[in-house]
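Here's the structure we're looking at; comments come further down.
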């Protein structure tokens with residue numbers, strides 16, 4: 001008698017499966033090629049943008065006398081200009097894939113693309 | 001009873017599957033050694049992951065205080081300001097200088113930790129960058145030469161002929177080695193990725209990849225955010241030096257920050273970058289510079305002689321990996337116009 005399943009057992013099963021479904025749901029509906037641009041200055045996230053074709057934006061950030069101009073064009077982001085002395089941020093070029101990053105050391109601005117479809121874990125440069 | 005146990009096990013399995021068995025991670029971005037760094041640690045124990053990440057960050061900040069040439073209060077600055085007098089330094093700084101000298105000797109001076117006066121003269125990456133006169137270069141070259149570093153024993157160092165030590169060529173690699181050591185001390189389940197500027201160290205297996213390897217891109221010199229090749233590795237470091245981030249253009253010519261110690265000019269031999277893969281990140285760091293200065297042919301000879309895993313990228317868009325790195329190497333530069341010249 002003890003080995004037989006009762007209706008209560010099925011209720012528990014249903015609850016467990018529903019919970020499992022709820023946990024999975026957000027991941028199922030998130031497109032695997034979604035790309036988010038995170039712009040940080042120091043420890044503060046200044047802007048987070050979900051990148052999409054046709055989207056355009058220009059973000060200007062300053063630190064002291066230095067101004068960074070960051071351009072978003074569809075699914076690509078770049079430091080369009082900067083008056084920092086080393087120009088490393090501008091020389092980094094255009095970010096188009098998850099895991100890519102550009103940094104302006106003098107202004108402490110970091111632009112990073114985040115997404116599921118990561119080809120590489122980091123870039124040595 | 002048996003049926004119920006089976007059902008319970010099935011339900012538990014379903015929950016575990018959806019919740020995943022991934023380790024906890026801890027990540028931080030910070031600035032040290034004149035560069036941007038990101039350290040990510042993974043462990044089954046969340047606190048261990050976080051404590052290890054914090055320990056790495058604090059340790060690297062400590063190294064920066066010790067080895068930075070830019071910080072006036074650093075121990076290295078005190079040595080450089082001693083006007084040629086012998087200076088007793090800490091164990092760690094002595095060991096780092098000794099290591100730098102060893103790699104200078106190994107590369108016949110192609111890597112040289114005394115090129116700092118040349119960097120100061122050319123000012124690349126500063127607001128006074130310019131092409132100096134030949135007389136200025138000749139005068140500055142008198143202070144350059146790793147043999148001017150005298151290691152006198154008992155942690156005592158003496159700098160001759162106005163030489164200055166700059167550990168920028170091995171400092172980040174040194175820090176990456178220490179980060180790996182800290183992770184190993186934290187236990188067998190610790191995994192981490194340390195991105196210290198251009199120096200990357202993958203410690204343990206990558207929890208986010210199917211085969212457990214870390215996939216490290218080699219930057220496209222014309223668009224350094226993108227990769228033209230990938231190195232797959234575990235418990236190794238990948239380091240790249242190139243002419244494409246710190247430079248200025250004058251009269252159509254590129255003047256970058258990797259100096260040839262024998263001429264006093266930025267190295268101009270047809271190479272755009274060199275990547276070295278090694279378990280010792282300080283060695284990889286020094287050798288990327290040394291191989292860049294040596295050039296492609298002498299660099300390949302050096303790699304064959306010393307069993308160094310390296311990838312060379314030339315200005316005519318050829319990518320040349322050494323044979324021993326091939327099992328870890330994937331070419332992906334076709335779209336950007338590069339030629340797989342293996």
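Using the three backbone atoms N, Cα and C, a Cβ is placed for every residue, glycine included.
Remember, predicted model here, so these are calculated numbers, not experimental data.
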**Asked** TrEMBL records B:285, B:289 as Mg(2+)-binding residues. Which of B:169, B:187, B:197 is assigned to the same site?
**Response** B:169
**Request:** Return the residues near residue B:285 (Mg(2+) binding site), defined as same-chain residues 6+ apart in sequence whose C-beta is under 8 angstroms from its C-beta, sorted by sequence, else 'none'.
**Result:** B:169, B:170, B:171, B:172, B:173, B:174, B:199, B:239, B:276
**Prompt:** How many other Cβ atoms are found within 10 Å of the Cβ atom of residue B:289 (Mg(2+) binding site), counting all protein chains shown?
**Reply:** 26
**Prompt:** Around the Mg(2+) site (B:169, B:285, B:289), what further same-chain residues have their C-beta within 8 angstroms of the site's C-beta centre?
**Reply:** B:103, B:111, B:168, B:170, B:173, B:239, B:241, B:286, B:287, B:288, B:290
**Message:** Please give me the CB contact count at 10 A for residue B:169 (Mg(2+) binding site), counting all chains in the structure.
**Reply:** 24
